[in-house]
């Protein structure tokens, strides 16, 4: 009965999302406030219904209700409880339901958000979100009903794919989906702007928190997926340029570009058409990613339970939304007033360059990912485009971007000057070169390019904090109270500035982590119990191999003792698990963390002579790759708490807001006669009260 | 700078970047792309030794031999041809006789495929599409699609050992 209620809730949600689509849209057209206001309860209702439906499916999994085909196919009564719950989205139907829950969640959040969104824009946005929800609810109900019954019900389930029985499943898909689906809101905002034919700094400011949220979660989701693959696949690799990975990287690159272009729009009221196009493209790439992952048209190591027939339906959704939005864009974009042309050496010029590089990088990933598909349908030739292609195309675009990043951060708005930039960055640049030389000296004889990459990472981190330093120590303050004053100024900087600093520093940390992989050590050896193998200053001693039975699997456990200079530093276990319900085995790598570095041991099969095939890795500073991503996401989160997003609706007290801004400006740019503070002061504060109260144009 | 000059600078920068990217893509395409070949294609068309490609098919039953020092030899077939493969390293968890496999490497002068990568899969029901297509062409395809679909799930009680 409960199951049927869950199914029925989905159908109801579909009906209600039609209301959510049509009524506010009509209201916005006819300027009817009552009709427009229907959007809020409708969006909340849709969210409540799909959440209920998701709760019912979770209940069915928690209680191992094997009358449900979906539960039978993906669960097992002996499975640990946490994997019963995470198994809800460890399959096609459930993961699409999660997709819709997050979609509806974002719709509901926009509906109740207190930030300054003009009612018409809000109504149209909610309507567009409703349209996306309709499409995916139809998809779920028609092709992938998670509540399909099975009669007679079997006594036992088929178990979840063992690779998915991992804490990673609890974290990675929800994070990734919040990121993916979060961009639906920016898409809905872009569509709303096109429908209205009006876009301005208010739009940019309304969209920015959503873009930041989606981007932050997508960053975490990708990082978590990468770490999961790193420890679960047993190859010690963290990025494989696999189509499924690229599918998540493309919206990330486009979303990163979008975050930066909305800044230009908010500050300079320019780059409008481009920003709208980026918002459309970002969500289109998210949809494309969903299609690639769910349809299995591309061979991937991360493909689970794919089904080409359902892929066709998603392809239909893809064509409808991308085609429809681009058509609307082509029709309405000419109505949007063009902004000014910038000086090449200026903050906005630098941000344009950032967008150029990011979208080009995104395009190369796109080509590399989809070219095999195109070639096969045209000529029938089957090819695979792997890491060498991406290393040869993606890296030459991204490395210059990273090198220019610290420069972009210190250029003044409107008109920057090279001399000023150089005067502000020479310390960071010098220290980075010093770091490069030092690393090269220490690792002499090792990889030649890696120290340069470390230097780049150091430059990025220092360059990011450089902004804080120059703004805090502005005006050449000296004397006893200088440090205290600088610290006060630093703390007084807007949180969005700190967010930028953190996000950019995070990029640097990740770059250092990636560079350090050049020094990782890999050894593949055969070992008998009692054997000792050296690995990067440690010695791994194989104590023995013994079987163990836990939960729903049997495993062979190889126990190692890790010693350094004769002293035991740790014991670690690496497992080969056999899941009888599926007849599958998985490898669980043994990891031991030392600071940011890891020793990684996994084992393969038993050799003919009874010895064990063992992989030993030493991965120096490998954790920095993911820590950097977490720092980036933290930067996004910090930006979200900025005052600009928290305060006021359209009725915001103009004078007060303006006064605050001015007062704050004075606080940390006092006495700064030249340099970028000068540029900063004359920047048109679109963020001020005037733009919000009197929409530009 | 005048407005016109500024616009030209912007367009110029965009043009140069895109041209460079396009050049890189085309150059990389000619150099790094790896073709997929089924054993039957290797048999009929012949592949020059030293050319890197991906070989996909089924691991022939009874062909897997483990030698010392992590070296494994096996044969990959698709009903239309059989190619012997040599691989040094740890094999993925789902490597098994009679299962689909994709190996990347080169043929040596004797026609032995020396693989440096054997691809792992996460899902026992998942067959690389290239392998599936090659098997279909040779009439060896007996996969009813992923068993996670309700239709297949109905047969479960008889096929799954209950513990």
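Positions of Cβ are set from backbone N, Cα and C atoms, glycine also.
Record note: among A:621-640, A:641-660, A:661-680, A:621-640 is the stretch given as transmembrane segment by TrEMBL. At the 8 Å Cβ cutoff, the transmembrane segment (A:125-142) and the transmembrane segment (A:352-374) share fewer than 3 close pairs (sequence separation 6 or more) and do not count as touching. Outside the transmembrane segment (A:352-374), and at least 6 residues removed from its termini, the chain residues within Cβ reach (under 8 Å) are 241, 243, 246-247, 249-250, 253-254, 256-257, 260-261, 264, 271, 274, 278, 285, 292, 297-298, 342, 382-385, 389-390, 393-394, 397-398, 400-401, 404-405, 408. Tertiary proximity for the transmembrane segment (A:621-640) is limited to same-chain residues at least six positions away from its ends with a CB under 8 Å from its CB atoms, namely 209, 212-213, 215-217, 219-220, 222-224, 226-227, 230, 238, 495-496, 498-514, 516-517, 520, 593, 595-598. The stretch from A:6-26, A:38-62, A:448-465 with the most CB pairs below 8 A to the transmembrane segment (A:497-519) is A:448-465.
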